[in-house]
Amino acid sequence: VLHRALTSTPSSTFGMNWNADCEPGLTSHMVMSLGSLLDDQHWHHVAIERFSGHLNFTVDKSSQQMQVPAELSPSEINEISYGGVQCHGSQRVMSRRNFHGCLENLLWNDVNVIDLAKQQQQVSITGNVTFTCAEPVSVPVTFAGAQSFLQLPGAAQQQRDGSGDAVFRTWNRAGLLLTFDLQQQAGSLWLYLSEARVRLQIHKAGRYTILVDVTAGFGLNDGQWHSVDLTARRGHLTITVDKEEDSTAHASPSFPVVSGNKLFFGGCPDSENNQECRNPFNVFQGCMRHIHVDNNAVDLIKVQQMLIGNYSDLQIDMCGIIDRCSPSHCEHGGRCTQSWSTFHCNCSNTGYSGATCHSSVYEKSCEAYKHQGNTSGLYYIDVDGSGPIKSLLIYCNMTDKTWLVIQHNNTELTKLKASSGINQHLAYFNYSADTEQLWAIITQAEHCEQECVCVCVCARVSVFVSDGSPFTWWVGRTDEPQTYWGGAVPGSQQCGCGLQGNCIDSDHYCNCDADRKEWATDSGLLTHKENLPVRWVVVGDIQRPGSEAAYRVGPLRCHGDKNFWNAAFFNKETSYLHFPTFHGELSADISFLFKTTAASGVFLENLGIKDFIRVELSSPTEVVFSFDVGNGPFEVRVETGDVALNDDRWHRVRAERNVKEASLHVDAFPNATQKAPADGHIHLQLNSQLFVGGTASRMKGFLGCIRSLQLNGRTLDLEERAKITPGVRPGCPGHCSSYGELCQNHGRCVEMYNGFSCDCGLSAYAGPFCQREVSADFKPGTSVQYTFKEPYELNRNTSTQSSSIYSDLKLQGENVSFSFRSTQSPALLLYVSSYYREYLAVLLNRNEQGLIKTLYMKKYILHLFLNPKFDHSTKCLQVLFCNLFQIDQHEREDFNLTSDAEFNAIKSVVLGKVHESGELDPEIARLNSQGFSGCLSVVQFNSIAPLKAALLYPNTSPVIVIGSLAESTCGSSSPANPYPAETTHSLSGTVGTGEPIVNAIKSDSALIGGNRNMFLMCFTVIVS
């Protein structure tokens, strides 16, 4: 089939529409389109081939395949239409989108349809169809730049009416089509494109007064040919687009609309003194043809020969329009739009960004999200970054190990009962990720597992029937039947108990194989990644009377990211790693992390005959991305100012090059972008090996570590290559220098071979970054007592003198912090006792006079007075015996409490009710009798976290818990304003009567203590 378009066609692409609208009861259809700008007056080849349920569609050298649904695959085709579409009966209407041009060699199953039409055999003809191709060829003209214009003679002086028309095509939404001055200096007319519509305005001469303003048509920037007709006759003005009545606009000016002696198409001459043509709008960039003035066709060849009119920067006898969206350079479903000189990719809702929607906006693993400081939750994961695999929403469980969890449609226990005639039950599992995503996730992970549980009564699992097939099996990634179960190894035909040797019947390798009339269970984890995930399970041996079975397959769980920590250490300038040639002809992205103490060095380089691509550290404060695709060397630079990059900390680099631009990102510094030259070379052609950490010349090599190197979403295995390369070592230590700040609340960063971990042993918090508050709800009888060793962690002193025994228990200061939430007042919050019967107590009181900060020391007692106007059931008070004091949202103040007392030989810290038999101060005893009702959170006494020890480590910590105690989220709140204003006060004095000091803030004095040694205690109360 050949197609030659000589005149206006509805579309410059060739489309195939498989339509069932004419079939009774069918209304669906499928459409494919190929090609672009096929109305170029050249012959084009089209072929359609159907094989069973598939269609192959070819236009010139481009092909596309489509699978046709059953309802659109008629077994017999009764009628075929060429050049137009029509239906039978009441639906027999001629489509207005008929073909206008020439067809030859029109074949259907090797039958020449044109020959049949000439012989009038089995072919009917509708409309004007001839068997020649002698249509006259039109002469187009291209307006290519800002200086382009075409000037033609205007109307004669005696004319009272006028008309003009032309056919145009463009990608631009705006541009001048035609302008002229009216006769008798009545004004100026502009016919132009605005928002992809034709708009006509007439302005009064000498002022900006709009006399006429009408619009017609829409969507005229689609690159197709569109006609516009302007007619002025007998006081009536009409513009028509594409000769359609729906795209017609009218006006009735009170003056004749007749052009002066010059008409200007597309633009105006570039002259400051030009008074004949003014263009307040954009210039037109596109093509025109079939130009008529007063019904007379304009001979553009004569214009080219300068026989009529004038012009500038025109391409006559050609249409130079280029379809920059076919093929589209927008990736990952980005929508391409274009103007005359460039194209734009709309990346909305694709999950990708950049000039061509090349770069994923999501991280590649839960591990990457975790090391940005994120906590557990749902995250979008793009496993291959800029690669073809789509992103997916996944749950990341940020514990000590970062687990990702992929659910399927049946994670509950499914029960089966004996059923006559049914020997097997088949269960399929549909995952929230497709096959490609699953395989990529499993391959990238360090470890994956899936729980498998079989519960049975008289239903065997691993036993084989007489024909050698198993009763029960499962199928995973390899599509091969698997007969091993959770806890066992592939090929063993066992369950976990068989491998461990503890099955209920030693003659069998699964508990269920004992075939007993009582429930038995086989459960465990499937951990061999090559076979995961479980895709379907076949449960057999359920046809016998009394047989029952149940199964459960848990979600797929994986942790670790082999790519995230994949690193190599380059210890010689002449060392490098080499990999196969990097193929990034149209789009190339390079991302990695590095750390170094060197001032410069090449990260990677790949060469071609002339082309190349390179990323390097040119100085301690500058990274350079350079390449050449045939337009000459091109550089993008990011400077970091006063921040040196050779500080032996990890820094992230991401470079991208595409047909539109090149960009470079370094950490969080402002990125640098350079536009690609217009209409230049776009293909990056490389042929050498890719060098990492150096160059082919072994000059300017990199010294330091490179990690997680990815090119177009594919990770290069630096560690494996480094194992066999002199001068390069696999792995790279020293992650805490970059990630240690993620360990919060006194957590300690611990180096690991692949990454790091946070040791929360000295923190009252828990979690992967020591950020999770450890809290518990207390009832009146609840008590948590942490008992120190006697004497206080130090038993090396063997003296029998008590003063000598407890000499190491003298504390020069206490650091106590906790949060609480309670409606109870008064209450005892915390009680610290010593072997000398000294104590420190924190009391909660309510004062009717309002909010005051009053201290009372009998031994060491701190009263917190709360304003009854505040509902503290919805507040969380954080008490920190260090530097600051704040209640609710009031101003935060400093108190330095000094005393000559020394707190010796600490015995225990009690939270909640004190149950010890020793004597308590009467006031303490009175409050203690009521216990404490409320929430305590993140309790810390120096380096001890008694509440955390009781909740998380009850079996290994010296804690005694009385009453009910369970971990809660009651304390998980933060201050509304973490940085309130500060003022400082100093409180000091001598021992007094032990009565509360009222208005201590105003007096700036306090009576505290009485012994000779100095005791320093500072505290904070923060309300959120």
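Cβ atoms are placed via backbone N, Cα and C, with glycine included.
Features of the protein shown, as given by TrEMBL:
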type: DOMAIN; residues: 1-133; note: domain 'Laminin G'
type: DOMAIN; residues: 139-319; note: domain 'Laminin G'
type: DOMAIN; residues: 321-358; note: domain 'EGF-like'
type: DOMAIN; residues: 357-408; note: domain 'Fibrinogen C-terminal'
type: DOMAIN; residues: 566-732; note: domain 'Laminin G'
type: DISULFID; residues: CYS705-CYS732; note: disulfide bond
type: DOMAIN; residues: 733-771; note: domain 'EGF-like'
type: DOMAIN; residues: 793-970; note: domain 'Laminin G'
* In sequence order, what residues of the same chain, 6+ apart, have a Cβ less than 8 Å from the Cβ of CYS732 (disulfide bond)? -> ALA567, ALA568, PHE569, LYS595, CYS705, ARG707
* Asked: Excluding the flanking five residues on each side, which residues at least 6 beyond the ends of the domain 'EGF-like' (733-771) place their CB within less than 8 Å of a CB in that stretch?
  -> 367, 370-371, 373, 375, 398-400, 402, 560, 564-565, 595, 648-650, 705, 817-818, 938-940, 943, 945, 947-948, 952
* Just counting, how many other CB atoms are there within 10 A of the CB of CYS705 (disulfide bond)? -> 24
* To do: Across the whole of the domain 'EGF-like' (321-358), what does the mean pLDDT come to? Round it, please.
  => 93
* Structure fact -> Its residues classified by DSSP, the domain 'Fibrinogen C-terminal' (357-408) shows 5 helix, 21 strand, 26 coil
